[in-house]
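A.B. asks: The repeat 'PPR' annotation in TrEMBL covers 100-134, 135-169, 203-237, 238-272, 339-369, 405-439, 440-474, 475-509, 510-540, 544-578.
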Amino acid sequence: SSYARVIVGLAKAWQFEQMWDLMEEMDKRAHLHIPAGIFSTVIKCYGRAGDVKGAVATLKRMSDDFSCTPVARTYEALIRVVMDAGQCDTALSVYRAMADRVTYNLVALGCCRSGRLDTCVEIYQEMRSRGFRVSHLAFNSLVCGLCKAGRTDEAWDVLGKSRPSACADAVTLSTVIHALCSSDCDRALELMRAMQAQRVPPNVVTYTSVIDGLCKAGRRDAAMVLLQQMQAAGCSPNTVTYNCLIHSLCKAGKLEDAFALLRSMPSKGCTPSINNKNTLVSGICKHAIMERQRREFGKLGQALFSEAMQESCSVEEDTLALLYTCLEHMFGSNGDRPDKRTYSIVIHFLCKADKVLEAARVWRAMVKRLGQADAVTYNSFLYGLLKLNNLSEAARLFSEIDKPTLVSYSLLVHAYFKAGDLSKVEEVYQAATGQGLRPDLALYNIVLHGLSGAKQEAGVAHLWAEMLNNGVSPSVATYTILIHALCRDNRLQAARQIIDKMKGQGVLPDAITYNTLLHCLCKNELLDEAHLLLREMKQHCSYTPATWNIVIDGILEQRDLGVAQRIFSQLIRDGFFPAHLTYDAFV
């Protein structure tokens, strides 16, 4: 009717006051009845105007003032309005009054989108108990929401376990598989097989999620088999898929296999990305650093590692050769060029390996090609120069950094402490805070250690107060620095008080902390106190070979072999077998 068209026009123009006046006039005419569809339109218009209260009031006035019974579309319109406004509680109260399939799905979808998963699960269960069919959109939103919230087991149950609901689409199934891969690769594989059985072919994202999960679980062989199955199924792996495998192979020390996999990518229709190449370079460098650390550990005289030490020496050279071969293959003749991350990885590795001159050559090549380095690369090269005690060149390099990070300042502060230049330490520290950088625990520990070594007690006290005022909580290493300084000055009671304070603050001393105080007690021939401290130590941490060497040395200094034998016997009974140095000292 003409009235209806005018009412709708006023509603769409948000002229609600005039609209209600006209509707009341229309209602007074006995032969003119306002249909429910008009109220649905009015509710939608209130929603577009952002007036949720007006939309809710329309439903009430519809029945109270105009004797018009709301229909399904009326409830649906109102639920959409309140859900779009994020008012889940209002939507729940509305849908209870008219719970049909559409309103159920609307509210379930809205609850998912607003993060109210528990409510959505309840609605889902109620729908199933009443025989309502869940819409694809609501179902997929619920399952994906549960996965994103880390509630994978619930998502698995809702999905139907190994026989997923027909409502689930490929995206939803892939989301569940991705979530399962972080904790249960077998279930992820089971679900992927169920997808194939339902003729929902897994896509590259699905396969990659499972391959990544298998790699992280150390099941590289299974991951390689799945890669072959993926290719046989006509799904081409992408650079992300290959990156998971390259990273896993490098982590396992299978460097040649990782290199071979990267070389095979073009023949499989996938050109290696710069990220693939950087992953391989990083993996090779990290492996070489680990081998170097094993070799250095072997040099400490650990007899059990003597063979590994000999092997690691040759492995490091082989790894270096492989690195250069990979770099030549990846960036030599095919026109590709390394990016800043590539250079940063190589420079960091060369500096760690004490090959600073080679790092300098790479540095110059990077600056020539790409311009100024980023802060991370600067820090790596700075670290290398400082390892060579080339403080002047390091200071020059530091001055080139556009925006030094806290790590940059910390490296330089540590170097100036080693050089005994406290004025430079103060200058660099003040420069860091002047740039608006808030010192972190690592920097505080460096400065506290340096001030303690220089016997700057006033400086230590001032810095400690500053650290606490800045909300930085001391770690076990921080307390150990103070204890070491006190023990050096034979202030045993104060050192003991620090340990008590640590425990009161919930920071448990470690073996280094106890060994520091033990050494001082034994040096001062306070063996009874040392014995008590040993008992306390056993409650909080494990003994180390150094612990027992300290105690045995202290006992032997007093020539009290009876006490030494008792402690040594106790050591064996506790299941701790000392290093050969302890046996040598005792003999």
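Placed from the backbone N, Cα and C atoms, the Cβ positions cover glycine too.
Where the annotation comes from TrEMBL, it is an automatic prediction and has not been curated.
Bear in mind that the values here come from a model prediction, so they are computed numbers and not experimental data.
In the displayed structure, how are the listed features positioned relative to their neighbours?
C.D. replies: Outside the repeat 'PPR' (203-237), and at least 6 residues removed from its termini, the chain residues within Cβ reach (under 8 Å) are 170, 173-174, 177-178, 180-182, 185, 188-189, 192, 195, 244-245, 247-249, 252, 254, 268-270.
Mean pLDDT for the repeat 'PPR' (238-272) in the predicted structure: 94.
In terms of DSSP secondary structure, the repeat 'PPR' (339-369) contains 27 helix, 0 strand, 4 coil.
Counting only same-chain residues 6+ beyond the ends of the repeat 'PPR' (440-474), those with a CB under 8 A from a CB of the stretch are 406, 409-410, 413-414, 417, 420, 422, 425, 429, 432, 481-482, 484-485, 489, 505, 507.
Across the repeat 'PPR' (475-509), DSSP classifies residues as 26 helix, 0 strand, 9 coil.
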A.B. asks: In the repeat 'PPR' (510-540), how many residues does DSSP assign to helix, to strand and to coil?
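C.D. replies: The counts are 27 helix, 0 strand, 4 coil.
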